[in-house]
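Participant: Handing you a structure now.
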Amino acid sequence: MSLYAPIAAIATAPGRGGIGVVRISGPDLAELAQRLFGRPLTPRHAHYLPFRAADGEVIDEGLAIYFRAPHSYTGEDVLELQGHGGPAVLRRILARCLQAGHDLGLRPAEPGEFTRRAFLNERLDLAQAEAVADLIDASSEAAARGAMASLSGEFSQRVNDLSDRIIHLRMLVEATLDFPEEEIDFLEKYQARPTLQALTHDLDTLIAQARQGVILREGLHVVLAGKPNVGKSSLLNALAGDDIAIVTPIAGTTRDKVVQEIHIDGVPLHIVDTAGLRDTDDAVESIGIERTWKEIERADLILHLQDVTQPPDHLDAQIVRRLPARTPVLNVFNKVDLLDAAFQGQPDSLAISARGGIGLDALRQHLLQLAGWNPGAESPWLARERHLHALQQAAQHLEIATEHAREDDRVLDLFAEELRLAHEALTGITGKFTSDDLLGEIFSSFCIGK
């Protein structure tokens, strides 16, 4: 499969709509436009034209826009045909384009291939390319703003600034190593230690902001766990603001997980209602309980719901013992509206009434705190786990470099190597140093047509 052959795809989402777009990218598309329309197209002008089949039948009418390289999304020639958004019509337009461009090597695009070409042609760096997919997938205004900040290059600029400063330090170290006869005290003359301290401080700041970006993009997987009839389904409905889960007084009503995404201050939380945990002979309910424990194992946060009107029993103790130690657990005592006296809760617990709405605002804010979200922080750009991992790797190498800078013998070659590794970690974020396997994994997650 040639990376330079022209490609085509329907660029709009599946289904019916007012407008649908067929996008083509590749070299020398002026010839293809001539074949499709029998006339040349003026670059960057919208032409209202009929879209015809090979036998002259009019398939649709719409706008044809030709973008000449390099002034296009991909950096190649791009031809966009904007017609009506019916699936059958768009498939016919795409088929006609592929037929007309067959001898030119025109083929259907792979998922994410248009954006991959934009990256390879240096129209976008890798972090910006990922932001395209994040903008498409954004499920809240905050996530959309964060994705747009990344797409505009805000995150990449911060990474590039740190990379440039590390390169400058490396250059000075290498010069010192290459010309030992000059007897230059590198660490003193070029103030390497304070420079390194400033670098480390700025990188730590970037890591903290990246954590916020990861939370905004990926959210938190929150599992509601507890015995039957403690109010798990009622709490899910209260947080969602809708009757998502069935609520009855019958124990064991919920037998399989119910997942609902909610947003608190723009942060996505994936709330999972689960089957009540108890000993049972019911085969179907037993399957649901086993699935509950699997959900608990993969949770980012567990809300252990308990009924304040019922005293704890051996089953509560069994549940607590089996909860994974590595996962944060918030004890939530429900149905406080049914008590005659004020409830005296435990430390690190919350008292609520899912049906009465008592304590739900406090619960929402507590969820954000446990997620690590800082509402007072600067509005973040979106980040991915791989970005955060790369930043943390760079920080580790700078920490080791700092240790070498403190040594009396000043082992500059080791100092230089740690700077190189820190720089390599940072450039992996923007794609200046990235394996083909990683590129394939990233762009394969895109939708076709983008």
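Quick reminder: no glycine exception, Cβ is built from N, Cα and C everywhere.
Swiss-Prot lists these features:
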BINDING   R23, E80, R123, K450  (6S)-5-formyl-5,6,7,8-tetrahydrofolate binding site
BINDING   N229, T248, I250, T253  K(+) binding site
BINDING   229-234, 248-254, 273-276, 353-355  GTP binding site
BINDING   S233, T254  Mg(2+) binding site
DOMAIN    219-372  domain 'TrmE-type G'
Participant: Could you tally the C-beta atoms, other than its own, that fall within 10 angstroms of the C-beta of A275 (GTP binding site)?
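Facilitator: Around A275 (GTP binding site), other Cβ atoms within 10 Å: 27.
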Participant: Other Cβ atoms within 10 Å is the metric here; tell me which of the binding-site residues R23, R123, K232 scores highest.
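Facilitator: Of the binding-site residues R23, R123, K232, the highest Cβ count within 10 Å belongs to K232.
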Participant: Relative to the Cα of N229 (K(+) binding site), which of the binding-site residues E80, R123, A354 has the closest Cα?
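Facilitator: For N229 (K(+) binding site), the closest Cα among E80, R123, A354 is found at A354.
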Participant: Looking only at Cβ atoms, how many others are within 10 Å of the one on N229 (K(+) binding site)?
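Facilitator: Excluding its own Cβ, N229 (K(+) binding site) sees 21 Cβ atoms within 10 Å.
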Participant: Listing them in sequence order, which of the binding-site residues R23, E80, R123, S233 have their Cα within 10 Å of that of A354 (GTP binding site)?
Facilitator: S233
Participant: Around the Cβ of A354 (GTP binding site), how many other Cβ atoms lie within 10 Å? Please give the count over every shown protein chain.
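Facilitator: Neighbour count, Cβ to Cβ under the 10 Å cut-off: 27.
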Participant: Return only the integer: C-alpha distance in Å from R23 ((6S)-5-formyl-5,6,7,8-tetrahydrofolate binding site) to S233 (Mg(2+) binding site).
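Facilitator: Taking the Cα atoms only, R23 ((6S)-5-formyl-5,6,7,8-tetrahydrofolate binding site) lies 45 Å from S233 (Mg(2+) binding site).
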Participant: Could you measure between R123 ((6S)-5-formyl-5,6,7,8-tetrahydrofolate binding site) and S233 (Mg(2+) binding site) for me? Cα positions, answer in whole angstrom.
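Facilitator: Distance (Cα to Cα, whole Å): 48 Å.
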